[in-house]
Amino acid sequence: MATPTTLSREGTIAETPVSLDGAPTATPRSKKEKGEIQLTDQTNLLPFRKIVAVFFGLGLCVFVTALDSVSVATSLATINTAFHAGSVISWVPSAYMLVSTAFQPLYGRFSDIFGRKATLTMAMLVFMIGNLVAGFSKNIIQLIVFRGFAGAGGGGIVSMMQIVVSDIVTLRERGKYQGIIQGVVAIGYTVGPLIGGALSQSIVVFLDYHSGFLHCHGDCSLRPSPEASTKWSSKGGVTFPWSSPVILAPLFSGFLLAFIFCIWEWKGARLPIVPMYIFKHATVDNAKGFQSGFVFFSSLYYLPQFFQVVLMYTPIHSGRRILELPLCWVFKAHFSAGMFLIPLLVGQLAASFVSGIMISRRGKYKSMIHTGFAIWAIGCGCISTISPKLNQGAMVVFMLLSGIGAGQTLQPTTIAAQASVSRKDMSVVTVFRNASAFVRNLGGTLALAIGSTIINNALRKAMNDISVSESLISTIIDDPSYLAKPTSETGLSAATVSYILSQGYTKGFKDVFYLNASLTAFATLISMVLIKDKDLSRDDARLKGRIEKDTEKDGTNTPGADGDGIEMAVLDRDKV
């Protein structure tokens, strides 16, 4: 029996209380009452044997999205060369992130209205079609457009995974199960560099996007707001001056649309996509989510480019130089630029899993979040010292440290946000707050655009200092591999190429990593001020015990209560 819930114009929800014996304790409010929309509680705590089956399916879904993201990241340099994309190459990942960011708040409400299963299926279908069509792209514009279409589904898959997990397990156990899911994501991140590098170098871009298709088988004011804001950050100082109306107009229009959206959600919407009252809770702040997305995706996309462009490592095997990680000297294994991401992602996997287990056992998350952000800040500070002369072993240690810090914050901050709101707002705060949600993806989208601008501006300045012609500057920005061609073909001396690499690309990448370190240090301070421990027990454990007992008897669900004092019923399992 589902619990009817009613959402008023002001954003408050009235629910029909149901006691543990199944008897209603209050009369439901009328559906037709003016200004109210009726929703259904999707909570469905499951016994362990059914959780295993659900998690297997969820794991397959998020594995595909992780594999897709990281394989594209390690293929960007090759895509740039193939399509001569130049300064617009950052739009390949940015388009995906941008559309994903804009659509994620919708998935939370869609799942409340249409059910979790239908919404997840729709996201998977959109993701599959987008990747399939992207594989047939004939130019960079087509690729960017179809990548954006795939992003509308990819972001929904990860968001729905988080929502379903919050439906089927108790709050205290959630960290453990989300850690398992993050482990699956990290596996996708680990094999992604190998697959992406191999496909981009030997079978061109076509099959790289088909990998998303093959594995898939196993709001008018909100959307333009991040899009307009991203446009100015990717073009400023590169294509147009910062004072140009072409830059200023999208910048101000983006902020204006964001302001209009917030006012509408606060005062006008009958069923708000993002209820403004959830931000009364200090833990549901956005600074940490923004920083998390900015730094993580910036590292994910720009570290492989640094290794390929500056150090001349190829996507899957060494071209000019052979990369041998100290950890694997015994095996004499040769590694690609993409495989340099593995220490970062392995560290994230281990820390995410361990932090989830510890939260489930201790019921506390504050100290873990503080420590995680501090470790992450140290790791990002170390990465900002990266240079062609830096020892390879030090690079691996720096990225491992950064990965550990990132992994130790992802799951605990999500649980902290969920613990700060009542169950009726769980899906909204899960989608909007964290774990590949709206704010985190917005940070990642801006990271890619701003990072591209920083690097291209540093490169242009370095070449202007040595009087390189404007046409040659445009050629190098469009195709960085041009610097690897013989002197007889480029007309650039070895000293000139070395200067461009050190004062242009290296300085640009270092500036991006300096920004990452500053944001992470700021997030560390914010977390220490705002995050407080909250009780993770609630009445979920008591409810789950009743469900398991009754399931053993006759296979039926039993209504229960959540910890906010709002009694609730549990839906039939097919709603998951």
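We number each residue from 1, going along the chain as drawn.
Each Cβ is built from the backbone N, Cα and C atoms, and glycine gets one as well.
Note: TrEMBL annotation is automatic and uncurated.
What TrEMBL lists as region 'Disordered' is 1-34 (among others).
Annotation comment: TrEMBL describes 51-76 (among others) as transmembrane segment.
The feature domain 'Major facilitator superfamily (MFS) profile' is assigned by TrEMBL to 54-535.
Annotation source TrEMBL lists transmembrane segment at 88-107 (among others).
Annotation comment: TrEMBL describes 119-137 (among others) as transmembrane segment.
Per TrEMBL, the feature transmembrane segment maps to 149-171 (among others).
Look at TrEMBL and you will find 183-207 (among others) tagged as transmembrane segment.
Summarising the annotation, TrEMBL assigns transmembrane segment to 242-264 (among others).
Per TrEMBL, the feature transmembrane segment maps to 294-313 (among others).
The annotation transmembrane segment is assigned in TrEMBL to 333-357 (among others).
Residues or ranges marked as transmembrane segment by TrEMBL: 369-387 (among others).
Sequence annotations record features per position, and here TrEMBL assigns transmembrane segment to 438-459 (among others).
Sequence annotations record features per position, and here TrEMBL assigns transmembrane segment to 512-531 (among others).
Sequence annotations record features per position, and here TrEMBL assigns compositional bias 'Basic and acidic residues' to 546-555.
According to TrEMBL, the region 'Disordered' annotation covers 546-576 (among others).
Taking every recorded stretch in 369-387, 438-459, 512-531 and counting its Cβ pairs under 8 Å to the transmembrane segment (88-107), the highest total belongs to 438-459.
The predicted model assigns the domain 'Major facilitator superfamily (MFS) profile' (54-535) a mean pLDDT of 73. Counting same-chain residues at least six beyond the ends of the transmembrane segment (512-531), those with a Cβ under 8 angstroms from any Cβ of the stretch are 282-283, 285, 287-288, 291-292, 294-295, 298-299, 302, 365-366, 369-370, 373-374, 376-377, 380-381, 383-384, 386, 405, 409, 413, 416, 450-451, 454-455.
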